[in-house]
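Taken from TrEMBL as is:
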TRANSMEM  A:14-33  transmembrane segment
TRANSMEM  A:40-62  transmembrane segment
DOMAIN    A:162-465  domain 'NADH:quinone oxidoreductase/Mrp antiporter transmembrane'
TRANSMEM  A:168-186  transmembrane segment
TRANSMEM  A:198-222  transmembrane segment
TRANSMEM  A:242-267  transmembrane segment
TRANSMEM  A:279-300  transmembrane segment
TRANSMEM  A:312-331  transmembrane segment
TRANSMEM  A:338-359  transmembrane segment
TRANSMEM  A:371-395  transmembrane segment
TRANSMEM  A:416-436  transmembrane segment
TRANSMEM  A:442-470  transmembrane segment
TRANSMEM  A:490-514  transmembrane segment
């Protein structure tokens, strides 16, 4: 038996991860000991402070990273090679943290619903009972949502940086479990919210099981959980290739579930609709970013040599996701469900970029690479999504948020600014030029076409046309349809939500007009450590 | 810098107009349109008729994708720029009162969106980077969408959606080809979207055909051509006449402009390969558009459909690959812009007075409104190619070129002249002549403001009908260069 070697811990490089985790734990302590009245302020300040500190840490680490082992990639392997802190990791960390700051701002919003947040007064009170009424009357609100969210952020950072299958699984679970809980905490329409949480949990647990089973099979094939070792095994073609294939398939189920790719998309509409809108905003943006980071790392680093067996699978899943997502979105009458299906379609578009992987020597000088394209797309998608859901939380009637699309008729007259901003986000999602969505689409389509995946690009173009229809339909309702009854009402938000929306819109515009800096940043992020 | 100023003026104007107090909005908007007109004319004076890209400026925009902010005009671009800057102030003046009417989106919005549309159109006609062209090509759709959806007759929301879906579909198909060009240029060394870099590429024939298909479908939808024209009639019927002028007389020119610059300019082999199909589609558009126009009862719908026929002529002129045809086509683009604008605007004045666009519900207008009827008659005669009015010259050139191409093509095209006379004169006869309708107030004649709005168009029709030389001088080098690129031997060619 080999002697146990104590792994060295790279505290400086792990700083962002450690801060987020520390703040999450501290949040639990605050929840236990601070008086009820002080918790809201304490938690909001603590979470924001932690996220900002982590973001600063990411910037410092990114300035300092060195080339790893004479390779193309820059970064370090931390804690005995279990966590890879390389360019793509840092890019995704920065993005997740920025989106999480937006998430905290939305969580903390209290102006929209009569001075309380969007979360249930007392989650344990059964809907419709006296206990619930009492909790509402006492203006209670759950402040546990902040530490829960910080744990989720920690998971979102660990997931794409994990450099072996077990760490990746831990990341997956840490990111998922808090989100299951958060989905069930809506203040209004609680049954819908609890149903969403249960569905999400059950299906998520299943998909985790698939992932774990796949990890076991890959371990059986390669004799290691480590990505570099798996890559080595694939390269040398050791063992039974059926183990590898089945293992790859099962791992893919787990990962593709998280990004909501067809045929694992069934949970998205229910969860997006049922969860409190701030949670939906944070979850939709953050999960997708983190999970695509993990997908790229697994496929590129561990299974890159086996490209020919997983690329066809991604072709099919990408095409299916685009079409099913776009087609089902058209039939929706609820704006949150519509955005959910549109996110399924976006998953397809992002996968188009993922499958555009080419060997580095096949790229022309200055040609855009697949990692670069996907990272850019994730940035555009993340900010547009969080902004769009933030706008959804503003449009209300007497029963709280009104998410039925036909109730949005006349919004263009009721509140030109809100309608214009939402229309802008929709145009970005449709990929109209001068919005970030266009450059994102251009980038992922380019890499896919350069990699020879022209059938996928043709399908993606057709799917984009279908998707454009659904976004335009919403714009038409807002601007050109006559309002039903007394029409929608727009609740005026505090500076918190307003900031999130403004930043989302500003980023969406900036990345559409001058995408250069972020594209360059994604290029500097470079390759994964192999 | 000249061209950047030209684009920025209306763009800034749109923003300013949107934010100044309501009473001032129209004046400010018109002021910016007038300034743009001056800037456009100034640009034209700096243009040297010798040909080639002029007034160029190039800056790197998105380095990672090889995209440049690159502008420049050749003769074709210059004419389109001039057409745009001349028509926009006229449209704004025509919409001065109309856009304030009940149910419309307000004059401020109309002026702001129109200026935004002008800025984007000018950028389209001056872009010399394919991706920049694509970006502004798509960006024109947003102001157009809000102009159609916000102003006009009931059902316009649906028409606007139909318009946008059609155009976006075309645009996305083109996007596939644009990306294809990027990949080809990346494979040959350094990725670049600059028109001059792309023209230097040697693209293999099969790839060319795929890329051509993408571009051509987009431009055929834009132009429009049979069978992707169905958005046209709905849009012109529901939108205000002013919006229709912007759409049909300016925006649709992007279609034929793009065919010349991208299909012929970048993909010459594929363009020749596709000629038989394109010529047939053009002929179908010419005849079908005219036939359907005859059967319409709605004046605006009728005028919209005549454009289908006219665009058929333009496309035919482009794809017969001769200097007569090419020159005729470009000249046609200018003349069609002027003549159709006149027709739409006069029809708009007529509809304001009668309160209906139905031909059946009108009659005897010339008795009480002779000036209006006169303008309408001239516009109609221009549409059917009366000698002495400018469309005659261009139509004749295209028909001659068509006969040179193949006698059958020429004989089909010539039929359209008969059909055009039929729809134009029959419409005039039914609306303007005969007994005045009883039970409705007599139609008031055009006032001085309205005459002032449409008179410049009428003058241009007559002027270029007798003296098209200034236009031809600008057009000839473009046609020569384009055909040389396609590899067609020309009489008098010196290269």
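Note that Cβ sites are derived from N, Cα and C of the backbone, with glycine treated the same way.
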Self-check item: Within-chain partners of the transmembrane segment (A:312-331) [C-beta distance under 8 Å, separation at least 6 from its ends]
Solution: 249, 252, 256, 260-263, 265, 269, 299, 338, 341-349, 351-352, 354-355, 453, 455-456, 459-460, 463-464, 466-467, 469-470, 473
Quiz item: Who are the long-range neighbours of the transmembrane segment (A:416-436) in its own chain, taking Cβ under 8 Å and residues 6 or more past its ends?
Solution: 342, 346, 379-380, 383-384, 387-388, 391-392, 394-395, 464, 467-468, 471-472, 474-475, 478-479, 490, 501, 504-505, 507-513, 515
Quiz item: By Cβ distance under 8 Å, which residues at least 6 away from the ends of the transmembrane segment (A:371-395) in the same chain are close to it?
Solution: 88, 91-92, 95, 98-99, 102-103, 106, 109, 112, 118, 277-278, 280-282, 284-286, 288-289, 292-293, 296, 300, 335-336, 339, 343, 346, 349-350, 353-354, 356, 401-403, 408, 411, 418, 421-422, 425-426, 428-429, 435-437, 439-441, 443-444, 446-447, 488-493, 497, 500-501, 503-505, 507-508, 511, 515, 518-519, 522-523, 525-528
Quiz item: Apart from its near flanks, which chain residues at least 6 from the ends of the transmembrane segment (A:168-186) lie with a Cβ under 8 angstroms of it?
Solution: 118-120, 123, 142, 145, 148-149, 151-152, 154-162, 192-194, 196-198, 200-201, 204, 208, 211-212, 215, 254, 258, 271, 274-276, 279, 283, 287, 290, 294, 297-298
